[in-house]
Amino acid sequence: MDYKVQVGVQSHLEQMGPLDDRTMEDLDDECLFPSEMDAQKTQSVDPNQHISVSGSLPFNGNKMTRNGVYKSIKTVVFSNKLNLLMPFGPLAILVHKMTDSSGWVFFLSLLGITPLAERLGYATEQLAFFTGPTVGGLLNATFGNATELIISIYALKSGMKRVVQLSLLGSILSNMLLVLGCAFFCGGLVYHGKEQVFSKATAVVNSGLLLMAVMGLLFPAVLHYTHTERIVGKSELALSRFSSCVMLLAYAAYLVFQLKSQTDLYVPLGEEVNQNGENLDNNDDDEDEAPEISKWESIIWLAIMTAWISILSDYLVDTIEGASDAWNVPIAFISVILLPIIGNAAEHASAIMFAMKDKLDISLGVAIGSSTQISMFGIPFCVVIGWMMGQEMDLNFQLFETATLFITVIVVAFFLQEGTSNYFKGLMLILCYLIVAASFFVHEDPPTDDQSKQPGT
C-alpha cells in the first residue's frame, strides 16, 4: 500500500507542475479538487463494492451462456415436428438391453435415426451460411450422405460386406429415382402451367460421372461371372481396389473443377434470375435464408448428431439380420430400400422444397450430386477402408444389382437430356422406383463364399 500511495503522490505532483509561477490560491484550488476526486476514488474502491461487481460478472456471463444454450436447443431440437421421433433412439437402446427382440430394436433405431439425419442436414445448411454457396453446397452433399457412410463403416467393421454394398447402391437408386422424382413431381404441380428448366451442362457432367461409376462396378462383376480371372479370387479384388483409387482421383478432380471452374454450381438462384427468366424478390429470400444459429453452434450440433447417429447405427447393423428373420423380409430389400429412405430424409425434404421454389438446379444438385458423391466417393472410400481393415470389400455388386444401377443411370440420363422437367417426368421416376423396390422384395441374394455374416434370404 505504501508503494501505491507514493506513486499516487508523485503522479499528483507531476500533474501540478512547477510551483514557481503559481500563487497560493491556485495551489489551494488544485489541492481541493484532487482531494474530492481522491475521496470519490476511495469510495469507488470500497472492498465490499468491488466484490459485488466482480461477482456479478460471472453471474451475468453464466446467465447469458444458459440463455444461449437454451435458445440453441429450442431452435434445433424443438422447432421441427419430426424431432418427436428422437426418443425412439434411447428407447431402442433400452429395448436392446432388456429384450432380445431384434425386430423391435431395428425398427426403433430406424425411427430414431430419421430425425437425426434431417437435423444433420439442417446443421450443415446453417454452417453453409458462413462458408459461401460453393463450399456450402459441398458440405450439404457431404454431410447429407454421412448417415449412409456411418452405417456402412459399422457394417464393414462387422464383416457385412453385402450390407455395405446394398445400402450404398440403395442410396444411389433412392436419390436418382425417388428424391429427384418427387422434386420433379412436386415442382411440376406447383408450376403446372409451364415447364421448369435446369442447367443441362451440370446434368451432363453428373451423368458422365455416374456412367463412369457404373463402369467401375461392371467390370469386376463381368470378370467374376465370366470366370476369366488370371488369379482366381485375387484379380477381382485387385481390380476393384485399383478402380476405387482411380474413381477417388476422378472425384477429387471433379471437386477441383467444381470449385475453380464452376463456382456458380451451387449459387442460389434467388440471387440472380430464376429459371424462367423472371426476376426474383431477393428481400424475401434473404429473410427466409438468414442463419438461425451461429457458426460454432452449427459445428457443435454436427458433432453431436454424428456421434448419436454412430451409436444408433451400431444397434441398427447388429439387428438387421434378426429383423429380416422376424419380418420375413429379404436383407436386400431392407438394405436397398428401407435404410436409404431414412438416410436420405434430409435430401428428400430439401430437394422438394427447392423444386417448389422454382430452384430446380439446386434440387438437381442435391439429388444427382448426392448420387454422384456416393458412387464416386462413398463406394470407393468403403473399398479402401475395407482394405485398411483387412476386409475384402470389392466392386462386384453382382449381376442383378449392377444391371439395376446401369438401367437406372440410363433412364435418368434420358430424362435429364432436355434440361426441362414437369410433374409427368417426376411421376415416371417415382413409378420406376416402385418397380425397383418390388424387384428387390422378390429378389433372393445368392450366398457367396466370403459372405460369412449374411445368410441367404
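All positions are counted from 1 along the displayed chain.
In case you wondered, yes, glycine gets a Cβ from its N, Cα and C as well.
These features come from TrEMBL:
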DOMAIN    103-259  domain 'Sodium/calcium exchanger membrane region'
DOMAIN    298-440  domain 'Sodium/calcium exchanger membrane region'
TRANSMEM  168-191  transmembrane segment
TRANSMEM  203-226  transmembrane segment
TRANSMEM  238-257  transmembrane segment
TRANSMEM  329-356  transmembrane segment
TRANSMEM  362-387  transmembrane segment
TRANSMEM  399-417  transmembrane segment
TRANSMEM  423-443  transmembrane segment
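Each residue in the domain 'Sodium/calcium exchanger membrane region' (298-440) gets a DSSP state, and the totals come to 120 helix, 2 strand, 21 coil. Between the transmembrane segment (168-191) and the transmembrane segment (238-257), the number of CB pairs under 8 angstroms, six or more residues apart, is fewer than three, so the stretches are not in contact. Residues 165-166, 169, 172-173, 176-177, 180, 200, 203-204, 207, 210-211, 214, 217-218, 221, 225, 336, 364, 368, 425, 428-429, 432, 436, 439, 443 of the same chain lie 6 or more positions beyond the ends of the transmembrane segment (399-417) yet place their CB under 8 Å from a CB of it.
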